[in-house]
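Shown next, in C-alpha cells, is the structure this report addresses.
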Amino acid sequence: MKFTSVIALVATAATLVGAVPFETNAERLARGLPPLPPARRASGVEAAKPKPSPSHGCSTGPVQCCNDLVDRSNHTVGILIGLLGIVLGPVTGLFGLGCSPLLGGGAKCQSQTVCCSDNKFSGIINIGCSPINIGL
C-alpha cells in the first residue's frame, strides 16, 4: 500500500513538473526577478576547433577542388604556362584549373577532387594532379 502511494505521488509530481510552462527572461524581469543564466549548448573551445579533413592519402598538400582537370595538350594550359612564365620539365599527371583547397570536415566539392604535386599558382593552375575520390 505504501509503495503504491509513493509511486502515485512520484507520478503526480512528475506530471506537474512537466506541465509547468517555460518562463522567459522577459516574464521574469517583468515580475522583478533576475534573468536566468544562458543555456550552454556547446563549449566555445570545442566549436572553435578546426575539423580535420578526412583521410585521403594526399601527401603533397591539401586536397584541391578544381573546376577543370585537363592534360598538357589543352590550349588553355599552354596559354597559362606562357603567361605565368612556368618552365615545365616532365610532368606526371594532369593540370587542375581554377582550384581551391578543401578545408574542414564538412567541405564539399562540386567539381573534381584532386591531389596535385605543385600548388604554387594560387589555384589558377595546379600541376601534376591526380583525381581522387574522398567520398564527399
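Quick reminder: no glycine exception, Cβ is built from N, Cα and C everywhere.
Worth saying up front: this structure is predicted, and the values here are computed from it rather than measured.
Neighbour count (other Cβ atoms within 10 Å of the Cβ, all protein chains): 18 for CYS58 (disulfide bond). Summarising the annotation, Swiss-Prot assigns disulfide bond to CYS58-CYS115 (among others).
Taken from Swiss-Prot, the feature disulfide bond applies to CYS65-CYS109 (among others). The secondary structure of CYS109 (disulfide bond), as reduced to three states from DSSP, is coil rather than helix or strand.
The disulfide bond annotation in Swiss-Prot covers CYS66-CYS99 (among others). Same-chain residues at least 6 positions away in sequence with a Cβ under 8 Å from that of CYS99 (disulfide bond) are, in sequence order, GLN64, CYS65, CYS66, ASN67, VAL114, CYS116, ASN119, GLY123, ASN126.
In the three-state DSSP assignment, the secondary structure recorded for CYS116 (disulfide bond) is strand. Annotation source Swiss-Prot lists disulfide bond at CYS116-CYS129 (among others), citing similarity to another entry.
In the three-state DSSP classification, ASN74 (N-linked glycosylation site) falls within coil. Of all Cβ atoms in the shown protein chains, 15 besides its own fall within 10 Å of the Cβ of ASN74 (N-linked glycosylation site). Residues or ranges marked as N-linked glycosylation site by Swiss-Prot on the basis of sequence analysis: ASN74.
According to Swiss-Prot, the signal peptide annotation covers 1-19.
Separating the Cα atoms of ASN74 (N-linked glycosylation site) and CYS109 (disulfide bond) is a whole-number distance of 23 Å. Cβ neighbours within 10 Å of CYS65 (disulfide bond), excluding its own Cβ and spanning all shown chains: 21. Of the listed disulfide-bonded residues, namely CYS115, CYS116, CYS129, the sparsest Cβ surroundings within 10 Å are found at CYS115.
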